[in-house]
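Remarks on the structure that follows.
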Amino acid sequence: MLNSNDSASGSLPKAVARYETSLSEAALNCKKNYKFDLLDLLTTSTKSNQCMLGIDEAGRGPVLGPMVYACALSPISRLNELKTIGLADSKTLNENQRDKLLKEMLNKCDWISAVVHVISPVYITEKMLDKSKTSLNAISHDSAIQLIQSVLDSEVNLVEVYVDTVGKAEHYQTKLQNLFPQLKIRVESKADDIYPIVSAASIFAKVTRDRVLQMWPKEERGSVPEGTGLGSGYPGDDETHEEVIQAKKLARKREHSKGTCKLSNYFNNAQSRSSTPDALQRQPFFVRTGLVHVQTIT
């Protein structure tokens, strides 16, 4: 957890306090989308410099918790300084490393900034199951567009945008370039491994998602008591699998429809049940009503 008292910097406590407050509000409003930014902490000179933007996400695959899109921003002239921070794809770092890097970026909030979009699992489910279905890729694209527009609206001299792709990179890049023709936009697979500014966005997204999930409200935890870990929310996480999927301790609305969770254990169990007596395999309706199968009618 970040500590607002661990630096003598005047801006760091403000940046940390803003970030911590935003996390709490995002968790409390977990049924709705929530967006926050640190753009007003940038200096005027930073905003006037030519800036680059990186965009990445966390949470496209889980069965629990939000999907988080984040963009990180800095002057292009500070690229070498970004590299010295040691930024990397958040998935290759452990929790302590991610927290340390995020704290270091908050400590430089006069020239490194971020906009974070916490997308509610309820919103994702509603969009994907609506009559006019919206794909997860479309939801992701819309979020990235909102992030770019937020930075432009803050009067930052934005000239370059780097995005970790969702779907086909060339189609995504064309879509963004048509919307923002004044910007140089590059969409690539594994952009978080290539561009430090995208790595920075990856860390903002991952830490935010993990922290929001840790603070998931009591009323949204089903019968899982407070203090009990929910894991990462991914199907491969033993804690998530045990507490959320197998035991089914959370209501279905918290296990949103992303289509990535293969409940193999459920079907394996169903297969094992197929060896039970015929009566146990019958539909409950026929068992309750006492209806029986007949061969002939006389």
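Cβ coordinates are placed from backbone N, Cα and C, and glycine is handled just like the others.
Taken straight from TrEMBL:
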- 50-272: domain 'RNase H type-2' (DOMAIN)
- Asp56, Glu57, Asp164: divalent metal cation binding site (BINDING)
- 220-239: region 'Disordered' (REGION)
Which one is it: of the binding-site residues Asp56, Glu57, Asp164, which Cβ has the fewest other Cβ atoms within 10 Å in this structure?
Glu57
Residues other than Asp56, Glu57, Asp164 within 8 Å, Cβ to Cβ centroid, of the divalent metal cation site?
Ile55, Ala58, Tyr69, Ala70, Val163, Val166, Ala191, Asp192, Val198, Ala201, Ser202, Ala205
Which whole-number mean pLDDT does the model give the domain 'RNase H type-2' (50-272)?
83
Going by DSSP, give the three-state secondary structure for Glu57 (divalent metal cation binding site).
strand
